[in-house]
Amino acid sequence: MAGYVGVVVDPWLQSQFTQVELRSLKAKYNSVKREYGHVTVRDLPPVMAKVKSIKDVITKDEISSALEESYPDTGQEIDFEQFLRECLNVQAKAAGKLGGTKNSSSFLKASTTTLLHTINESEKSSYVGHINAYLRNDPYLKTYLPIDPASNEIFNLVKDGVLLCKLINVAVPGTIDERAINTKRVLNPWERNENHTLCLNSAKAIGCTVVNIGTQDLAEGTPHLVLGLISQVVKIQLLADLNLKKMPQLVELVDDGKDIEELLNLPPEKMLLKWMNFHLQKAGYKKPVTNFSSDLKDGEAYAHLLNVLAPEHCSLDSLDVKDPTERAKLVLDQAEKMDCKRYLNPSDIVEGSANLNLAFVAQVFHQRNGLSTDSNKKITFAEMIPEEVQASREERAFRMWINSLGISTFVNCVFEDVRNGWVLLEVLDKISPGSVNWKHTSKPPIKMPFRKVENCNQVVRLGKQLKLSLVNVAGHDIVQGNKKLILAYLWQLMRFNIMQLLKSLRFHSQGKEMTDTDILNWANRKVKSSGRTSGIDSFKDKSISSGIFFLELLSSVEPRVVNWNLVTKGGNADEKRLNATYIISVARKLGCSVFLLPEDIMEVNPKMILVFTASIMCWSLQQASEESEISEISTDDSSSLKAPSDGDDASSVATDSVSNLLLDDAASDTSQVENISSIGEDDMASVAPTKG
């Protein structure tokens, strides 16, 4: 595997961009330079127009005008660092045009801007306290914990990748097979990079948005990126049980069957708000809480909530205090009696810290939710939830895949969130750039039903242009939430993406379409080329359930990635599960963003087996592409690169290039790799769904 190659520029510029962004911009700059022999001012607008923070905000003409302010002579040659400075200038103009940066109330969708790298000290202290509480007894980490919340030690401790991997497993137990984590006290660069790659791919698998975060950023402990990732993982942990399936008592929040159906698809954050308003209404509090920021600044809602949940500990005396900060202090003093003070201090309430307020309310919910435990009501509700295990697996896979693409909309529930057509249009624009006619679309919120149908009609029309099988399918089927159709459509969309990517990476394909047989033959040849004897006849081959074939395949593309001392024979169910969980973590450690579950390997789900094999094939083929690109970059500007050395960050290049890049260029090889590596677990065949 190729060593890690970093782009080195002026220190100030280095601080303004992540390595993912720098390598992406460097590749674009060199592409222009190779085409014309040099890069001039007039060459820059088409490149800058693809930058996410600029796209759809400033036109190419406006970019040209901005550049002419600094460079009246548009024929003047521009070096790479000048190019980076102008990118920052144009980004600033774009931000100004939008009226400044807007803070989202949700840190699950928080973007990692390169213009402002501020660190919220209160949030840092709260998350460090969370880590100390949940990981202080970990056999490996107990030597380093507790961390001083007032220090920056957390950013040093994450540099080997172990803490972040462990934190992900606390949030969603079993996500990472801890046997795959490199936990030696002294790790070489390749082992550290493996941990970071495993961390990022696992974070994506549990629903984190890791746009513009690369392995090198974690290795350097870049504060704003590390804190942003930790905040997402903590939120996922705190909101994990806020759904009807895990906590049927939440049915008390609604009255009839229709409301229950809506509640079933409610995002966790909105579920928490609904729960809070349910109790506030019982307490006689008249103002509805619609967010975790401004609506909570005066502390009144907290006073009523704690009083109705724990009247023996919490009174309404704080409402008599006029000073908001003093009132907030009294509220938290009462909350401490419920062991709920960990995430918040008075200034966080007064200043409206959305992240920490959400964490605090979630903790109150876990400590005392105040809901009924009426068994009859729970049993009645349990009978209403259909047993759709496979559909649930598929929904999960598609949700994670879509969120990993870097589209602007975050998907909480596929079946609900795609019904207005907008998310599907965003996905189509990612995997088939330029295909969507945005002038004929309606952006959410969409009040008029026919506008949703128009969006979905274009979704169906574009699907047919991509030669997806959509017999008797119309836009209103998606609007009505036809689950079978939605799953079938998304599967075909992903499969199209897989085959196009593999075709583009397989240079000797000579333009021929990729087939399932090509992928099967590649996997068998790869295993045999490493001296192994196992093979499979098809993606339904029952021998796959032992896990041995996949372990040999992974070992053949990177011999160092599999520790054979941890592998079982796969002779019984327990051994198969051990191998399957290890396989998934090893693949993520290698650089494959996979969303299949151990059950898919153990049960030999042919659709998911094909997808997983294609993901490994994609990663393997990408290595040749990366090595070629690295060579070209080195030739173009060797002074801007760190020379690779033996044992350096082995898969960083591949991993970072399949992250969602600063450039919104889904047609590039690296962006397509993200699409295929993030594949889900749906129907493999070309499906022709019917209405209903």
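For all residues, glycine too, the Cβ spot is worked out from N, Cα and C.
According to TrEMBL:
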DOMAIN    121-238  domain 'Calponin-homology (CH)'
DOMAIN    266-369  domain 'Calponin-homology (CH)'
DOMAIN    392-498  domain 'Calponin-homology (CH)'
DOMAIN    513-621  domain 'Calponin-homology (CH)'
REGION    629-654  region 'Disordered'
COMPBIAS  631-640  compositional bias 'Low complexity'
REGION    672-692  region 'Disordered'
Which value does the mean pLDDT take for the domain 'Calponin-homology (CH)' (121-238) in this predicted structure?
-> 92
Residue counts for the domain 'Calponin-homology (CH)' (513-621) under DSSP, helix then strand then coil, are 74 helix, 0 strand, 35 coil
Where DSSP helix means H, G or I and strand means E or B, what are the helix, strand and coil counts for the domain 'Calponin-homology (CH)' (121-238)?
-> 77 helix, 0 strand, 41 coil
